[in-house]
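Here is the structure we will look at, set down as structure tokens.
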Amino acid sequence: PALFQMSGSQPQLGRGVPCLRCRGLCTGFEPHSWRKICKSCKCSQEEHGLSSELDDDRKIGRLLAGSRHASLTARLKGGDGARIYKRNRMIVTNPNISGKDPTFDTITYEWAPPGLTQKLAMQYMELVPKELQPVAGTDGAVHRRWRLARQLPLHDQDPSQCRGLAEGEQQLMETFVKTYKAEALGVGEVALPGQGGGGKEEEKPQDKSIDPGRAPESANGALESTAGHYRCDTCQQPLPGDCPVVYAARAGYSRLWHPACFVCCRCAEPLVDLIYFWKSGAAWCGRHYCESLRPRCAGCDEIIFSEDYQQVEGLAWHNKHFACLECETLLTGKPFTLANASLLCTTCSQSRV
């Protein structure tokens, strides 16, 4: 049988970790003083896989603590009151009887939806593209960790991780985080069609902003034109009654999704561990939800809480971070070039040619 258990910690990774994107061309991560990039190859921190599993579980534990999903966290023993994510790993052992002596093949999923039977959890995994299934030791597990770093950056929830906050802005950020936990943060629930919320199909308190192009829904979640059937909220294809689906409580239990269709409305990336932010009738990843409320600095990747910042071609920068990527010269009032969201002074731009 499959076993569900909390993950253990992994050794802390850090300086010297090669870049996933550069495939060996980067000799190792060299932290920048305030940018979230490697000084050596200019790729982001998440491309170097710098966090450990324990770091990740602490981060999600912090995010979910104080929210309606605090039950998915546990208090750290001997800690400072911090909470850690009770991440479900699924270990599946299958007998291999092809040889003379039976052996057992063990597959470990680094994350699986909590509270399900092994059969339903495996059905869910089979509905996720194989390259995204978080099987330990595969690209799917690496991609999950990458999405976790990308979609839920620690500097979007922890002021102590921010370098761009000016005096007096920490309180603004703390209020920002408290508000999104109360009003937008959610974790998808996996169940069979009609069984979301414990089988309760009545509407929950939700954001009423629904796409006017959507067909009217009946009380049981079916489109009126196909009474008795369910359709995926994203692709509008029918959902068989014996296949698991994803529900989002903030959307109300009349809306449901194929596991592969529960994605961010902005970047279309699958929502890591089903963690979503609900706004304007749609699910967002944490990164793009925060950016929909406040500008994000293209220099340090942090949310900007000041009303005084630089803007160029739809991008934003803290005033103190409006600087050349190569030589760090401040460019306010000076000529510059902008390429791939990176600023360069004229001297550094010419030297690249």
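Just so you know, the numbers here start at 1 and follow the chain as drawn.
Using the three backbone atoms N, Cα and C, a Cβ is placed for every residue, glycine included.
Marked as compositional bias 'Basic and acidic residues' by TrEMBL: 199-211.
In the predicted model, residues of the domain 'PET' (90-197) average a pLDDT of 92. Taken from TrEMBL, the feature domain 'PET' applies to 90-197.
According to TrEMBL, the feature domain 'LIM zinc-binding' maps to 230-295.
The region 'Disordered' annotation in TrEMBL covers 191-220.
Note: the domain 'LIM zinc-binding' (230-295) comprises 17 helix, 19 strand, 30 coil (DSSP; helix = H, G, I, strand = E, B). Broken down with DSSP, the domain 'PET' (90-197) shows 45 helix, 21 strand, 42 coil.
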